[in-house]
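Q: Got a structure for you, questions after.
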């Protein structure tokens, strides 16, 4: 049986008896069946493995005959495996169901040692304890306790130090003695109670002696009580252990080594399993959604004990359902995904290729102090990053020049080798000087704010992704049209507007078409913290009960953005502290007392159940595996409503999305209504639709957002247009408007009607903006409602003598315009409509 890709055709078990009001899903029953079979047979059969497979890479070197290898059947004997269902699939309940099905799994012979010709197995006569040891991270122990309370299992929670008193005797003494083997600790009491049974060596005496005895230090001594230990083992099915308390746990059970029924470690990929961990059971289970990561964490020593260095064989030890089967079994509501592009510092944008990825990640998270520390800089400014980068090159240059001077003073034994060494050093010196000169030129170009093309101060400065050169946006667009869509500096082909980045320059702002970005605040011109403030403020005003999770890899990030979060008038908290404090914070969040919960993804990115949240914000991009874990905190078993996932990304961060939902770009504050009311959005366009249809969708989104924001203004405009139309009706002759330059106008309209999208997207738009200002051309924006909508059959004449009639506004046209907006019929989105432009009266 294959345990790696379980599906609906795989065997299932019946609902385990002992779960209170919890019915397991089909995929969970399938996992329990596979886990029970693996525990029973303790072996995995591999029949006729392929040459070149991971199994062949691991064991093929032991077999010289390839034909024998291909035709053979292999058996892996194991007492350890990994439950690796996807994030949020309910692995905790699956594990509890496994224990309820069989409290103690079958014991198997243990391989001790051997060679190719013999092996030694141990048939152990030692019986295991009827207790399942579950080791969990400190932030999940109360969550596990809540799940165990929903079953009939009897468990002992070992979280605080006082929980271990169930195994100990405690007495109080005034004098410290060396600890015996049965004694665990002897510590002084800080707050001495009034009445305490203290053992003293002397009795009686004067009042002064008694007073001196009262002033003596009192020590609390803890000793093992074997009867209490035995009683705890006999009366409990599960020991629930905080991984941070393992040292104390080991002290108690080290004197008499125990063999457990099962050892289960939750979140094996992120749990801080200590190096001294040495617990085994009849069968060992590790729970994680990312099994490949267990070799890279602090538990690597324990994992290597079990699996050795056979990482290629890891999939054979994994019990996992197919993700399609899990999705079908759970039927979770599909999340809405939003992308908000924010502004990165201009200097960082230019030199992002020279900044280490680790430091760039810190900058993206807003953790500039840590970024400066990584670069050995003292002051928190972007300019210092450039100084450090040039300083490293200067240091390398100095070392090379010193080495060249040293080599020149040597008396060579091999002249050719000596000359080659000098030549290599000189080439490296030239490389450093060129690199340093290039950086200085870029710095001067930014500080002087002078365009290479027009030699004037920058207007809408734009950085090329190919060579990091900076130009005015207008100069760049003009040059791209004349030289054939190539970079003016390095001649690299420019295929779309993604090949360059428009950045802010002091007080100037990016001039974009109103149809592209509508709103008071354009997010690509704002700092990430300010954008977060706008998003939270909008949610606060338009959602009665917001529950928001904000994740970042760094705790220092939250120190910076707390001021912005506070301005949103929402109650917020940072998740940290003891398990009891964490549980209280989560309870307040679920009850709506706290609206925003800030979490460090490194500490709380896995394991927690936070499906009550309706918004999840990733403040910066993380590792793909970690992002999956983070989103799984809310998108998991038990969720009923659609989750809104918001990615906040800078220009240098990737925009890939591993979720099934297609990301929706939020460009300004006027489009934030899509976050709070995602159900008003139309269905996604077909995959076959081209870029033109996507642009129409974006325009329709902008149209609805602008209409929604300025409805009062539209009413007044409609009234004025109605008055104009009534005046036109009174006149017998039709009114015609002739453009200033009919040739240019007809050519311009003809070009847009043909949907010539072979040109650069974004470049022609910017150019059209300049032309539209001169000719009075309106784009397909909110202003076009004053003139009505052109149908597909309407044609615009190309001749100089042609005149364009202004269509009359009627009720039919107003109804059709409403359908074109987001939230209307789906047909209008799926059909590719040409972009119409009208002549202003």
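Placed from the backbone N, Cα and C atoms, the Cβ positions cover glycine too.
I grabbed these lines from Swiss-Prot:
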- 85, 86, 87, 88, 89, 90, 91, 92: ATP binding site (BINDING)
- 195-215: region 'Disordered' (REGION)
- 195-205: compositional bias 'Basic residues' (COMPBIAS)
- 206-215: compositional bias 'Polar residues' (COMPBIAS)
- 413-450: coiled coil (COILED)
- 451-491: zinc finger (ZN_FING)
- 531-682: domain 'Helicase C-terminal' (DOMAIN)
- 678-841: region 'Disordered' (REGION)
- 726-749: compositional bias 'Basic residues' (COMPBIAS)
- 809-821: compositional bias 'Basic residues' (COMPBIAS)
- 828-841: compositional bias 'Basic residues' (COMPBIAS)
Q: Around the ATP site recorded as 85, 86, 87, 88, 89, 90, 91, 92, what other same-chain residues have a C-beta within 8 angstroms of the site's C-beta center?
A: 94, 289, 326, 632, 636, 637
Q: Tell me which residues of the chain lie with their Cβ under 8 angstroms from that of residue 92 (ATP binding site), as long as they are six or more apart in sequence?
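A: Same-chain residues close to residue 92 (ATP binding site) (Cβ under 8 Å, separated by 6 or more) are 143, 144, 147, 266, 287.
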Q: Counting all other Cβ atoms within 10 Å across every protein chain shown, which of the binding-site residues 87, 89 scores highest?
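A: The largest 10 Å Cβ neighbour count belongs to 89.
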Q: Count the residues of the zinc finger (451-491) that DSSP assigns to helix (H, G, I), to strand (E, B) and to coil, and report the three numbers in that order.
A: 11 helix, 9 strand, 21 coil
